[in-house]
Amino acid sequence: MKALLFVLLIVFSSLSYGQKAIDLKPRAKIGLCLSGGGAKGLAHIGILKLIDSLGIKIDYITGTSMGSVIGGLYASGYTGNQIDSIAQTADWEIILNQYVPADNINMDEKDEYNKYIAEIPFVKKHFNFTGVIDGQSLQETLTRLTRHVNNITDFNKLPIPYKCMAVDILTMRPIELDSGNLALAMRCSMSIPTVFKPVKWNDYLLVDGGLMVNFPVKQLQAMGANFIIGSYTGGRLMHEDELTTINKLLIQSSSFYGIQEAKDDIEACNIFNNLTTNMLEFNAGDFKYAKNIIEKGIAVVELVRPQLINLAKQYHTLNGAYSRPKLMDTNPQFLVRTIFIEGVTSAETEEFILKRLNLKPGDSTTFEDLDHSIIDAYSNRYFSKVYYTVTEDSIKGADIKLQVIEDFKHVFKGSVHYDTEYGAGVFLNYTGRNVLGKNSRIVLSVDLAESLKFRVNYRKYIRASRFSTFTSFYNESIKQKFFTSSGGLEDTYKNKYNMLSTALSYNINVQSSAAIGVMYEVSTLKPLFDDQTLDQVHPRKIDGNIFSTFLNYQRNTYTSLYYPIKGSNLVFENRFTLLSDEEIKSEYSTLDTIANKIVKQSVKDRARFNPSYRVSFIFEKYFKIIPRLSLVTTLKTGFVFDQIFKIKNTSSTPTLENETSFAEYFSIGGINTTSRTGAIDLWGYRNGEIGSKAFYTLRFGPQWEVIHKLFVTPYVNILYSTSSIEDFGKNIQHAFDYSKKDPLKTYDYTSTIGFGINVRFKTILGPINLNISKISSFSKPTAFLSIGYYF
């Protein structure tokens, strides 16, 4: 069957595109032209592999868009097989994403990173919609792949002379790129309008060359090629019934000229590898099908194998056997002669970059170390793009040129969310950089929902150092629900929380940081039920105030904050409470038998507490076993030490010995926990369902990516919690020996084992999360659904 289809394919192709006789003249120059086509351009790899296997020497290469990338790598010395390996092992979702992996983002920025549906810059009193993707990851990848030819700025001096096409969006003129930095030239050529942001190149503002010259055969002839091998992926003009989306209309309108222009260029090819009609099942964005596209390209190129074999025979007769030389070596280490930074607007910004570069003239470095320095500079997100070129001189040393694009000063962001616990809401955010001082960031965020939340953060780096001052205000007003073991609603409280903190923070490196500071917290708990039981005191409002100092450390190596498949997160927090008090407003109801009515009396109790210490440790690790399977383990533990020392009480408010305020307790439970201190997530429980002074939780299970973007995690949860450290030590040995437990007796600890399944799906709105759990102390399973990012 496959053989029959192959024969039919050859017959059809020969009917559609008449094969030209191969007549290679002496001293003929063979040129290779590769068209654009987005992901479909990966199919060009098939013809490169066949050319290599037949020993045909290519004298010139031109390319557009994806063809410029494939052609540029081939021109720089890579073989078809090597490019095949690069394309199939590349993480295209990261390379072509607006967001770099989360482990390349500074700890100071992770809390606001990649958590909004829309991010719109505001420039010169207008919102800016010039493009979506800056292309930092793409530029890093191209720079890494071409560093072996970083000295070559004249593309005619590459192992194979090369030229690629772009369009100056300011004048709508095609621009031939044949000199400069190879990686940047390739990036310019595939700056698809409305997808990638235009690239500044000298006096030009360049976008994808496919807008006007999608198949640069004429440019190949001008270089000196008189025998043309062309590989063309498209495009074609879509029919009326296919133009069903705005995206398709934009593609049709932007590529019309390039498609029409390509018709004459196709006729000029001596050998034409037509990939158009055989690639209809793929579109320009199908990089997730890279392997299938490459395989299709390898299959389709068999149609021109006879022509290429004939060409190879004539070439070998005229010129002898040929095999491609090995890829040029990259110097493992080089001496830095000069460092130049282009694109900065102030001396403070330049100093900020140089501190993270950690290099000065006279130092020796490697490309790997330089790559890490670039990540460090970019990770602070004060720049939308940071990349470099290196020009080496074996005697004088290397000149490093950094190109930076400062991020927008004002950006407005937004997102929507829903969960079964707090309902629906809208996140709105404003982020301002260098608005209140150089190397500063201010964040204003609000969650417009039934459970209102508000946050203000301000960070200012101390000159260009890794030290920064950080001031934060956070407010939330939520409904706190408590349930019975059978799943019924027992009590509901209105829980208000305000926090103001200021700290000195230090970035140890991109993935870890430490902070020391002071914090003031106000917590208010108000029951929403009206208990009218007579002759009892009923709390109506509880206020807790805490002034504390803290010392925290965190290290996070997740590549994705919402969909991690590898990496770890470690959080170590220490809090010393210096001043703490609590006020309880209650009502005492009695029956006036004479008047036959209930009489309510207000009661107010206020108390102070001696200094206390709270410590917590969180560690989560994703062990990647095979590409789609990880083992997830999570350990969390924390302790509150009452009264670490006594202080003299000079006020009329009594001090309670060996106790702490309710606001000191850890608040355990939930999947999307709040941002208040001491909040610990625990699957299977509602948010803050358990208050604890000493606890540990353990969760483990496999995470399986069933299909792309769909993660399924069956898991086991263990919780041990007590209301004091003394009870924690006293009961830990027999806490899970259920055979000795009396079901009618109340114990001074909680020990549960739960199991469940968590399903998470990656969507344009953010993660859709469904969790179903069964806890040993609950008679019924619990379910939780959330849509969108967390506040």
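Going from the start of the chain as shown, residues are counted 1 onward.
Positions of Cβ are set from backbone N, Cα and C atoms, glycine also.
Residues or ranges marked as active site, nucleophile by TrEMBL: Ser65. Take the CB of Ser65 (active site, nucleophile) and look out to 10 A: across all protein chains shown you find 30 other CB atoms.
Residues annotated as active site, proton acceptor in TrEMBL: Asp208. Here Asp208 (active site, proton acceptor) comes close to Gly36, Thr64, Ser65, Ala166, Val167, Ser189, Met190, Ser191, Ile192, Pro193, Phe196: these same-chain residues lie at least six apart in sequence, with C-beta atoms under 8 angstroms from its C-beta.
Annotation comment: TrEMBL describes 32-221 as domain 'PNPLA'.
Per TrEMBL, domain 'POTRA' is recorded for 334-407.
Counting same-chain residues at least six beyond the ends of the motif 'GXGXXG' (36-41), those with a Cβ under 8 angstroms from any Cβ of the stretch are 63-70, 92, 190, 192, 208-210, 214, 233-235, 258, 275, 279, 282-287, 289-290, 293. The motif 'GXGXXG' annotation in TrEMBL covers 36-41.
Taken from TrEMBL, the feature motif 'GXSXG' applies to 63-67. Residues belonging to the motif 'GXSXG' (63-67) score a mean pLDDT of 93 in the model.
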Structural state census, the motif 'GXGXXG' (36-41) (DSSP three-state):
4 helix, 0 strand, 2 coil
Can you count helix, strand and coil residues in the domain 'POTRA' (334-407) using DSSP?
24 helix, 32 strand, 18 coil
